[in-house]
Amino acid sequence: MHNLTLSRRHLLSALGLGTGAAALAACTGPVSASDGGSESASNLRSDFSQAALGEIPSEYSGRTNILFWAPWTGGLFDAMTEQFAMFNESQSDIYAAIESVGGYADLNTAFTAALQAKAVPDMVCFPEMQWLQFYFAGALAPLDPHFDDQWNLDIYLQNFIGESKAGEETFVVPFARSTPLFYYNKSLFNDLGLPVDTQYTWSQLREFGSEIASVSNAGQPIKTFAYSAGDAWFANSWLWAFDGVWSEGFDVMPDEGKVRELMTFANEWVHVDGNAYMAQASHTDFQTGVVAAVHGSTASMRGLTEAVDFELGAAFMPGEVNQPPTVPTGGSGFSMVRTESQERQDATAELLRFLARPEMSGKWHIDSGYVPIVQAAQDEPEVVELHATDPNFTVAIQQLENAQTVAPVNWFNSGTASLSEAFARVTGDNGDVQESIDTLRGEYESLLEDNRDDLEALGV
Amino acid sequence: MTTLLQPVRRPSRARTSAPPRRSSPQLRRRRLTEAALFWALILPNLLAIVVFGYYPTLYNFVLSFTDWDFVQPAPVVVGLDNYIELFQSGSMLMDALRNTAIFVLVAVVGTLFGGMAIGALLAQRLRFSGLVRTLAFAPHMLPGAAVGVLWLFMFDPNYGLSRWLFSMFGMESPHWTTTSDFSLWSITIAYAWQRLGFVAIIYYTAILDLPKDIYEAAALDGARGWPLFRYITLPLLSPVTFFLTVTGIIAAAQTFDIIATLTMGGPGTSSTTLPWMIYDQAFVDFNIGTSAATATVMFVLLLVVTLVQTKYASKQVHYS
């Protein structure tokens, strides 16, 4: 038995090494830059199949099944699920399944993994310009062949369609689109005699600080404004208000003085005045009355309206040098994934066409607060009624004329992460402003350089 | 008596002059059956280890010499560039290494001391010790994400437990998760709280299993209190302490979920540990090569730490 044990151990060792070597040999062979990444002009990819669909309800069996990975949870996902149910009931050929994968970052990760596994959904929904990296990887199918007189880019709000195209082709139709808004406790502002329903400036809000702090909530002076850890999107509007830009072409922060002014303002508001702060959960603090104002997406409108027990105020983003400031377009749009099936792509196009009906777009606007992205949706009776009864919803639409796509450096996930970190250092840590700018500049420049070829191909 | 102390000499096979016996068919059948059983039992595990252990590790090592964003069809070989970049001054790796070292050291040492103290108390079999045992072990049963969310509320400076605690002393609660001064401590506290119960229960059962005769002999010699603990209990517990130290270091160094829910590695890189950096590089920045190189560095570090511990254990750990 002793000999047998030894031989087994040796055998196991040898096998371990052998299989390890085999595993190494089986790794995907890295390639040089010249032989990777070739793309086909076709809208189909023979080796990309559909990801697992889950159980299909018996009443929808026998239909063409398509799968959408939704980047929403909670109320937004419920609202979207309702639209899918309406689509499935509206016809008898297609069954559209919807699965929540979490948020935008989760979708990014999940879809990236799916591309490696070559088992993908038929439809995805990426924020702003983040679909570009998947376009460059040849993962998305053009939508133009499916357009007709009823469904094409002309029916949408035109501020947002610039983010839909690469070259001459369309890869995104806008859907859950938004802009940032300034939300404030209107009841508190009224009680203190502060102006309401107006265009604020950041300096003006800073001046309100001592007056707002004279009121306490649960034994603490109420703060004026809450920054948070992921403020990159809003920071586009902040800098536009201070008359600066984050990048121009490949030139990062061409006027650094404006950036310094903005960051110094934020730093002093928090660490000198003490009337603003870095919040752990800014909207929770706002709902509970700890802070008088926050910023948020138009998509937060429905949730905040229902959550607060005071009168909610919604205004354009605060200005400073520029009033009102330019605001970034935000939210996401639908893209069709290149798979092996023309039939499923046609079915996906039918779903997109259905969701672009004015009544569906209007319903989504009412249920979520996202802008009514189909122009005709603003004339839907339910939308007209909503705006008559709750003018906050109208603010978002009025601000649309100031909306603009963000600077290329903030098209990328890592760019927005760097910007958020820079502000977190200044507002949360009382970090040195110039040091934060220098760090951000380095990260921005490296990002633009890494993506130079792709960006130049897009005309940046 | 002397004959009893002489070693027993077994007959050596080499010295026997009998020819080697040919195994009988029954013996061969038995060996064959044993071998078949061996393979049947070992193969599923071996496959699992190869597929989920060796292959990813080796693939990661290969990827560490490439540049890839995970989206393009294939990686591009860049040699040692990722490693050179990692070890340049100002690299995130240095922050991550420092944070990981502090986090692991405080969490492991803290839980060992705390767990041993709680375990020793539980072994006293006081009233309600059963309930206390259950309560102490409960956090270990919670998923890390749940622990993170729980502590997110407790650390909240506006309405968390932290606010109440500090207000008792007329102080304002620190902003635990949103300032660099406290973010690393917030994840360390949350992690140590989760692990403490597990360590305490292991020590508790180990203390119950300690040989009674040694304690009876020590009592006869008048040993009690701290000397008894220092010279009898602690050495007897050394195998358990060694096990908890090795597993504790490996587990703490791999912590991810609590960081993801509490601080997301920030502000800046103030609570970025190696696992968070690996995630951040791979799934935020999509620098798969850098991420893989960081993972390789972490693998080597843990390997070295474990080897040092094992070598130390052979000298200092008493198994009997």
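Including glycine, each Cβ sits where the backbone N, Cα and C put it.
Under the heading compositional bias 'Low complexity', TrEMBL lists B:14-26. Annotated domain 'ABC transmembrane type-1' per TrEMBL: B:97-309, in sequence order. Summarising the annotation, TrEMBL assigns region 'Disordered' to B:1-26. Taken from TrEMBL, the feature transmembrane segment covers B:36-55, B:101-123, B:135-155, B:182-207, B:228-253, B:286-308.
Long-range contacts of the transmembrane segment (B:135-155) within the same chain, counting only residues at least 6 positions beyond its ends with a Cβ under 8 Å from a Cβ of the stretch, are 118, 122, 161-162, 173, 176-177, 186, 189-191, 193-198, 200-201, 255-262.
Counting residues 6+ beyond its ends, the transmembrane segment (B:182-207) has Cβ neighbours under 8 Å at 99, 102-103, 106-107, 110-112, 114-116, 118-120, 122-123, 133, 135-140, 142, 144, 147-148, 150-151, 155, 174-176, 233, 237, 240, 243-244, 248, 251-252, 255, 258-259, 262-263, 266-267, 270-271 in the same chain. Remote same-chain residues near the transmembrane segment (B:228-253) are listed as 100, 103-104, 107-108, 111-112, 115-116, 120, 191, 195, 199, 202-203, 206-207, 210-211, 214-215, 218, 273-275, 298, 301-302, 305-306, 309-310, 313, 316-319 (criterion: CB distance under 8 Å, separation of at least six residues from the stretch ends). Residues 57, 60-61, 63-71, 75, 78, 81-83, 85-86, 93, 96, 246, 249-250, 253, 274-275, 277-279 of the same chain lie 6 or more positions beyond the ends of the transmembrane segment (B:286-308) yet place their CB under 8 Å from a CB of it.
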